[in-house]
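Q: Marked as transmembrane segment by TrEMBL: 12-34, 54-72, 84-108, 129-150, 162-182, 194-218, 240-259, 280-302, 340-363, 383-406, 412-433, 521-541 (among others).
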Amino acid sequence: MGAPRDIGTFVVWDYVVFAGMLLISAVIGIYYAFAGGGQQTSKDFLMGGRRMTAVPVALSLTASFMSAVTVLGTPSEVYRFGAIFSIFAITYFLVVVLSAEVFLPVFYKLGITSTYEYLELRFNKWVRLCGTVLFIVQTILYTGIVIYAPALALNQVTGFDLWGVVVATGVVCTFYCTMGGLKAVIWTDVFQVGIMVAGFTSVIIKAALVQGGISTIINDAANGGRLNFWNFNPNPLQRHTFWTIIIGGTFTWTSIYGVNQSQVQRYISCKSRFQAKLSLYINLLGLWVILVCSVLCGLALYSRYHDCDPWTAKKVSAPDQLMPYLVLDILQDYPGLPGLFVACAYSGTLSTVSSSINALAAVTMEDLVKPRFPSLSEKSLSWVSQGMSVLFGALCIGMAALASLMGALLQAALSIFGMLGGPLMGLFALGILVPFANSIGALGGLLSGFAASLWVGIGAQLYPPLPERMMPLRLETYGCNSTYNGTNWMTTTETPFSTSAFQVHNIERTPLMDNWYSLSYLYFSTVGTLVTLFVGMLLSVSTGGRKQNIDCRFLLTKEDFLSNFDIFKKKKQVLSYKSHPVEDGGTDNPAFNHIELNGTDQSSKINGTRL
């Protein structure tokens, strides 16, 4: 175990496997550009014609959620901080239930394309515009990290050409998004989920064989203190405890699953509400599978390097490179398998970036183009949608160049989602759950929540928390054949998000830095959501929110929950119970009835759509 290990390098077969994955993704885009008459309308392009079924949508939701940030970031997270990360399994369950039972029913019954259309229907066009702009900024920032971070990690370990891969990824994504629209995005995601699971599985099986079985891996992890599942410390300043993961994690991920256009656009493209909910629950199984795979990979990493940490021994320069290092170490005798793992990491990137590009195109079309140019024909709108895909693809590649200034990836990505996603989720929750909320409360709440989460988020970047808050576990180098430097292991106390570009050094720490700025990054979203809700409710009550008469379609009602049981009723009863076809769990999608969505004459519509 102690001898220095020579890791393998990339060979021709690895490049062939990787290129094959990119090629198949592009071919799926070409197929959907022409299948079934191609993308005739913007509805076909952006929403798959609203004829999708639960299983492909569920796999697509899983794929776009599991970016390369997960494939590379989670195992190194488990390696350094322990398996407490697996508590996210409970968080995912809560997130899926909240998304399916609170947000989905309202978005689905309105038949909208952009989730931000809801904000105009419920409040006014200024609130919608704020939501749209925040989403576009958040998504372009995040996508830049998702493209750049894995390219950097893989380049430094495997010698993969950094900018070649960044540009290739961006171009292939943009190509199949532009050619095939949402259908291509969903079906390439299905293919890419397969690649991700195959990549993870090959690493886990080989690591188990090399280390002498899963039991050895678990024993090594236990001896190294990695099986730290139950830390019930309620202190919100500790990075990962049971409570920060359950509470903070639920807020962070619900802002993605419940209201983020990239995810919502998929499940409202399903042909019925029952299929839409089913897609979310099937996707939960996918999330659990990927979580188990990535935690096992992290424990395998620790088992392999528990006496000679490659990061401390300066064999890799960042924790994100540990996973590719392990792959080249244990799979070097199998040409093509390291390439499969790189394809696995890149499948995560492609699926996330493609869903972002498609969502950005949808939001721009619905929220910015259509209101300004109402006379455009469907054919023109379809062309504009495709043009938007190209534009946002180029922007995301440009953003990747900027991301090269940013630090370690998992936390960077989650921090951005938390800082911008939290206030947006608070805004939607205000509209759906608070009948007396009005547009003044909504705008005031959104701005306050945004200010609060930016304050804590940017403060945490400038003055990272002290090492004792981060609680990295000890990493050893006594097994390496290099001369052991007694202070060497102290490098493990670097903060996982030491952004060299922003960090302020050598400054006396104030109580503000040690408390407020040291808040666990998972709580950034929680702060944004709760401040938005609280300020929004106060302002609404004080500006006459109780006097307004809100159409019940824009709120979550008791009947929305009861309609889950419609599939058990006889058809005749369902029809006599309510005339509108939208609400039955099994009927067709109401989609694109623009007369209903104008928001001008809703009084005549209420009787038809009341649940």
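Just so it is clear, glycine is given a Cβ too, placed from its N, Cα and C backbone atoms.
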Q: Using a cut-off of under 8 Å between C-beta atoms, tell me which stretch among 280-302, 383-406, 521-541 contacts the transmembrane segment (340-363) the most.
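A: Highest pair count goes to 383-406.
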Q: Who are the chain neighbours of the transmembrane segment (194-218) in space, where the CB to CB distance is under 8 Å and they lie at least 6 residues beyond its ends?
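A: Those are 21, 63, 66, 71, 227, 289-290, 293-294, 296-297, 299-300, 303-304, 323, 326-327, 330-331, 334, 337, 340-341, 343-345, 347-348, in sequence order.
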Q: Is the transmembrane segment (54-72) in contact with the transmembrane segment (521-541), using three or more Cβ pairs under 8 angstroms as the rule and ignoring pairs under 6 apart in sequence?
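A: When sequence-distant Cβ pairs are counted, the transmembrane segment (54-72) does not touch the transmembrane segment (521-541), since fewer than 3 lie under 8 Å.
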Q: At an 8 Å Cβ cut-off, counting only pairs 6 or more apart in sequence, do the transmembrane segment (54-72) and the transmembrane segment (383-406) clear the bar of 3 or more pairs?
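A: No, these stretches are not in contact.
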Q: Sort out the residues at least 6 away from either end of the transmembrane segment (240-259), same chain, that have Cβ-Cβ distances under 8 Å to it, and list them.
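A: Those are 61, 65, 81, 84-85, 87-88, 90-92, 94-96, 98-99, 102-103, 115, 230-234, 280, 414, 417-418, 421-422, 424-425, 428, 471, 520, 522-526, 529, in sequence order.
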Q: Which of 129-150, 162-182, 280-302 shares the most C-beta pairs under 8 angstroms with the transmembrane segment (84-108)?
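A: Most Cβ pairs under 8 Å with the transmembrane segment (84-108) come from 280-302.
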Q: Please indicate, using numbers and ranges, the residues of the same chain that are 6 or more beyond the transmembrane segment (129-150) and have a C-beta under 8 Å from a C-beta there.
A: 67-69, 71-72, 114-116, 119, 166, 169-170, 260-262, 320, 345-346, 348-349, 352-353, 356-357, 359-360, 363-364, 367-368, 392, 395-404, 406, 409, 412-413, 416-417, 420-421, 423-424, 427, 443, 446, 450
Q: What parts of the chain pack near the transmembrane segment (280-302), using Cβ distances under 8 Å and only residues at least 6 beyond its ends?
A: 54-55, 57-59, 61-62, 65-66, 70-71, 74-79, 83, 85-86, 88-89, 92-93, 96, 99-100, 104, 193, 196-197, 200-201, 203-204, 207-208, 211, 214, 217-218, 220-221, 224, 226, 257, 267, 322-323, 326
